[in-house]
Amino acid sequence: MAAEEASRSSPRFRREPKGRVSRQDKYSVLLPTYNERENLPFIVWLLVKSFSESGFNYEIIIIDDGSPDGTRDVAEQLEKIYGSDRILLRPREKKLGLGTAYIHGMKHATGNYIIIMDADLSHHPKFIPEFIRKQKEGNFDIVSGTRYKGNGGVYGWDLKRKIISRVANFITQILLRPGASDLTGSFRLYRKEVLQKLIGKCISKGYVFQMEMIVRARQLNYTIGEVPISFVDRVYGESKLGGNEIVSFLKGLLTLFATT
């Protein structure tokens, strides 16, 4: 009995009261970027607007991987405009992968919650207050945006890409049974310590990395809440999804199926 009480008093089991945001809560938004010069000012402005209106404490950490289009210069200007207490540029010299970008960002994050999202305007910051409310209502370890539940959806894709996405998600649901409706989405809120542990367990790269994060979360018995979101295809620049990514996705899916 005493052992059980001690276990429940450990950091893993301590939870805030449901439905309440603590004054100490801070949300660190990680924005990995590569060639996002046009999109970055818009997404940062929308983030600042959303957090200012909702009243949540926040910081935005930009992790630029040596973009040749001047993304770093834009980020430096944004840091000056909004202040280094809100915008932190933490660049790297070259592309080193999404997982390592999150690790790099978390080293500089002072929040106890981490929000990950795309910097290309595919994910609208207006959903962040819903993520936070959902997390507090259920004391979830993770809250994931979903395109495949409720009033969630995808806009700006042609029919072919929508079909590929639906089929890929259907296959992953059958093979992996993840307990979440959208495995490949990258708009999520994590408890910081949960994200740190999951990244330490994951070995995948690219788009499969997001899938593995949810699969490992299920294995570790972390709780996952979902919020329907509208995903909009990138406004500026070219999509980074191509034939090589699709092949990597299929290989990664089979690897996860065989090892989880």
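Just so you know, glycine gets a Cβ as well, placed from its N, Cα and C.
Copied from Swiss-Prot, the annotated features are:
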type	residues	note
BINDING	PRO32, TYR34, GLU36, ILE63, ASP65, ASP118, ALA119, ASP120, ARG147, ARG234, LYS240	GDP-alpha-D-mannose binding site
BINDING	ASP120	Mn(2+) binding site
BINDING	ASP120	Mg(2+) binding site
MOD_RES	ALA2	N-acetylalanine
MOD_RES	SER9	phosphoserine
REGION	1-20	region 'Disordered'
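Mapped onto three states, the DSSP output places ASP65 (GDP-alpha-D-mannose binding site) in strand. All protein chains included, ARG147 (GDP-alpha-D-mannose binding site) registers 21 other Cβ atoms within 10 Å of its own Cβ.
Every protein chain considered, the tally of other Cβ atoms within 10 Å of the Cβ of ASP120 (Mn(2+) binding site) stands at 24.
Secondary structure at ARG147 (GDP-alpha-D-mannose binding site), taken from DSSP and collapsed to helix, strand or coil, is coil.
Of all Cβ atoms in the protein chains displayed, 27 besides its own lie within 10 Å of the Cβ of ALA119 (GDP-alpha-D-mannose binding site). Rounded to a whole value, the Cα-Cα separation of GLU36 (GDP-alpha-D-mannose binding site) and ASP120 (Mn(2+) binding site) is 7 Å. The separation of PRO32 (GDP-alpha-D-mannose binding site) from the residue listed as 'Mn(2+) binding site', Cα to Cα, is 10 Å. Its Cβ taken as reference, ASP65 (GDP-alpha-D-mannose binding site) is surrounded by 21 other Cβ atoms within 10 Å in the chains shown. Long-range C-beta contacts of PRO32 (GDP-alpha-D-mannose binding site), restricted to its own chain and to partners at least six residues apart, with a cutoff below 8 Å, comprise ILE63, ASP64, ASP65, LEU98, ALA101, TYR102, GLY105, ALA119.
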